[in-house]
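Feature list (source: TrEMBL):
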- 1-19: signal peptide (SIGNAL)
- 6-31: transmembrane segment (TRANSMEM)
- 52-76: transmembrane segment (TRANSMEM)
- 96-117: transmembrane segment (TRANSMEM)
- 129-150: transmembrane segment (TRANSMEM)
- 182-204: transmembrane segment (TRANSMEM)
- 232-254: transmembrane segment (TRANSMEM)
- 260-281: transmembrane segment (TRANSMEM)
Amino acid sequence: MSSSPTLIFMVIFFLESLAAMLQNGFMVTVLGREWVRRRTLPAGDMIVASLAASWFCLHGVAILNNLLIFFGFHFVRDYYNTLWHFVNTLTLWLTAWLAVFYCVKVAVFSHPVFFWLKWRISRLVPRLLLGSLVLVGLTVISSAIVTGILKQMIASKSSQGNSTWAERVQAFYRSFHLFDVMLMWSVPFLLFLVSMLLLVFSLCRHLGLMRNYRQDPCDPSTRVHTMALKSLVFFLVFYTPYFLSLVVVAIEITNFQSHWYWAWEVVTYASICLHSSMLVLSSPKLRKVLMTRGLWLAKLQS
């Protein structure tokens, strides 16, 4: 790729990242202010606020990391990779909890465990958020420690001329890192998919009952099912490409120094930018604040 297309993709990446940071900053400001004022927040909004904060940090880390790499500061890459891994993994878990929350609140099943979850989910959300933060933090810290030890061992054995042993340690390090990231990324992705499948199953069974009893298929319960399912479908459309791009990076299919690097960054972070846009537009509370601000700015300009 020539330098001109590379520059175009760089500009697109920074613009979409700044746009995403503005959107997520808006969500954090609105929901965080309500959280502070009322000293409480609905469980769904609590997850959205936490997710928006993690997205804001993820885009900020990505911008800083790419700027440092662009200007040749490759020696700090390991430090920012650790930070990026923490924020990214936390984002995947928060997205999964949002899907689980939608599923538990909307789907209808007669199993006692599901009834217990429906009754307790709002109280469990703060614990799930805090538990995810602690789990991801401990995992990333332990992974960073193991990575540092193994890299020191590789450097020590290489300097002593024992290249065979160093290669074995390096192969073990790659396998350990791949297992660690795939485990921490795959579990929340599977939670997301299971929640979506359960919601689809609940909707299909509900529609079957409506046909059997000859009731209106557009009753409130069906509309709630459909709206939640549409939200999760949009989540899946934006969530899956991002998850797959992370897998591609983890197994090192693409070269970090590739000329297509900036194009890859544009595609990867575009899904998060669109995801945050959808959250803003799908939330009546955020949409109302956005329209109020828009009317206020229009009055100032008139």
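Backbone N, Cα and C define each Cβ position, glycine as well.
Among the recorded stretches 52-76, 129-150, 182-204, 232-254, 260-281, the one sharing the largest number of Cβ pairs closer than 8 Å with the transmembrane segment (6-31) is 260-281. The stretch in 96-117, 182-204, 232-254, 260-281 that contributes the largest number of Cβ pairs under 8 Å to the transmembrane segment (52-76) is 260-281.
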